[in-house]
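Written out below as structure tokens is the structure these notes cover.
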């Protein structure tokens with residue numbers, strides 16, 4: 001029965017794509033209806049303990065199950081996708097909207113399959129479907145060559161990380177003869193190292209961690225609704241969720257915690273600085289996504305996957321909201337440049353919703369995102385006080401770029417500016433803002449106790465100095481972001497800072513240090529293949545063709561010459577024989593006499 005949670009949106013995607021529906025209301029209502037059904041099925045599945053198994057063969061068995069962690073993620077996906085899909089139906093271009101809605105449903109179904117998977121094969125199917133959907137969605141506007149190129153870039157970058165998950169699956173099957181998650185704990189020795197390293201690599205690539213982070217900027221060429229869902233509850237969330245889901249097994253490897261923390265904190269700081277310097281609204285949010293998933297990596301590495309999961313939930317709500325708000329402002333300005341925006345006066349409802357999302361991104365109490373961020377600081381402090389300071393710095397950067405985004409996109413703006421917002425867009429952003437506000441309940445001790453009971457864990461207590469230091473860092477960050485937004489609105493648009501705003505020059509370094517050497521090696525290999533391998537094959541083929549031609553000519557002459565020669569011999573023999581047929585008796589008598597003489601000689605000699 002649990003298969004229905006993923007199959008309903010997957011099958012609905014095929015039906016919508018094949019249908020003739022082209023009107024916005026019909027597509028929006030259909031998509032939202034499917035997601036509502038999916039959400040209800042997930043609720044029933046969690047309450048009744050649904051499971052699903054399908055045996056393809058003895059070693060190859062597919063299994064899905066809901067755990068205390070996966071059920072939270074399974075509920076989050078349709079909850080976030082609902083307002084995003086409604087927004088897409090109202091906001092995106094009508095041309096190709098049918099395809100876009102069907103792909104979004106497919107995206108949701110693939111992510112749900114990944115979330116409920118209880119074995120590596122089912123996980124890989126969902127994992128690869130999510131990657132394929134992201135490629136199709138980023139390059140949705142296929143008539144734009146640059147968008148197609150960006151889709152390929154993102155796909156190839158994440159595919160490199162996917163190799164780690166394939167390696168992990170092969171190691172598990174080799175050692176255990178099964179792909180079940182339960183078998184992961186029995187893998188030991190060098191195989192365990194490959195298993196853990198492969199999973200961490202694939203998770204880092206999917207969640208836009210260093211050095212894979214630049215693909216998130218290229219993904220911004222996709223529609224705004226795609227960016228919102230991609231960054232909040234599907235593609236980018238998949239990597240962090242994988243670590244959260246398998247943390248008990250991965251933590252058995254001693255280096256897992258330090259390695260995951262190192263990746264996470266490096267990305268949180270680099271992503272925070274990149275976002276602060278970025279003048280492009282969607283790219284600013286994309287860099288902030290990498291930074292906050294970096295904080296989730298820190299929490300998982302420190303041994304608190306439940307904190308990472310709760311921060312993922314809070315992040316999904318405010319990040320989807322901010323992307324949709326950026327889309328509204330971007331359509332009005334016909335640009336995503338922050339210097340072209342400023343719609344606070346003419347779009348007050350959108351401005352209020354954006355302010356809620358911005359405060360959550362900044363980590364301002366009493367919003368729930370502030371509690372989850374403070375829990376990450378506490379988790380980091382339990383690992384090392386220096387790590388807690390680093391997370392506080394990442395929090396200060398988060399507050400700074402949140403302020404820059406909110407003030408620039410929905411600040412006062414010019415007096416003569418005009419803009420309008422569609423009703424569905426307002427409802428979508430309003431519902432996500434309400435979700436962010438609802439998470440304020442996380443500050444209540446009774447809610448924290450209930451969550452601790454649900455996850456069978458307890459949340460760490462924060463020392464006073466950590467809380468005070470973290471809040472002071474947030475305050476400094478807010479002030480710095482306001483200064484940049486008011487006095488330096490075009491910061492990062494040109495000059496050396498523009499290079500820093502593009503992931504601190506990482507894409508350039510990747511192209512020079514990885515892309516060009518690989519391309520040069522590929523060209524040399526292609527030349528070797530053409531000259532040596534293909535050349536040898538071509539020479540062998542040419543030699544065979546020459547031999548065949550020679551043999552053909554010789555055999556042709558022999559085949560024609562034998563019958564023709566025999567024919568000529570018999571013809572000449574016939575002509576010569578006719579000469580003896582004169583019709584004169586004395587000639588015949590002479591022949592007979594000659595024959596008798598010859599016969600007598602033979603008989604005489606024979607004696």
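Any Cβ shown, glycine's included, is placed from N, Cα and C.
Ranges compared are 448-466, 467-485, and TrEMBL records transmembrane segment for 467-485. It is 224-244, from the ranges 224-244, 497-517, that TrEMBL records as transmembrane segment. Only sequence-distant pairs (6 or more apart) were considered; of these, fewer than three Cβ pairs between the transmembrane segment (308-330) and the transmembrane segment (151-173) are under 8 A, so the stretches are not in contact. Within the chain, the transmembrane segment (427-447) has long-range Cβ neighbours (under 8 A, six or more residues past its boundaries) at 79-80, 82-84, 86-87, 90, 310, 313-314, 317-318, 320-321, 324-325, 328, 349-350, 352-354, 356-357, 360, 365-369, 371-372. The largest share of C-beta pairs under 8 angstroms with the transmembrane segment (224-244) comes from 102-130, of the ranges 102-130, 151-173, 256-277, 588-606. With a threshold of 8 Å between CB atoms, the same-chain residues lying at least 6 positions outside the transmembrane segment (71-90) that come near it are 5, 24-25, 27-28, 31-32, 35-36, 38-39, 42-43, 45-46, 97, 100-101, 104-105, 108, 111-112, 115-116, 223-226, 228-229, 232-234, 237, 241, 309, 312-313, 316-317, 320, 324, 327, 422-425, 427-429, 431-432, 435.
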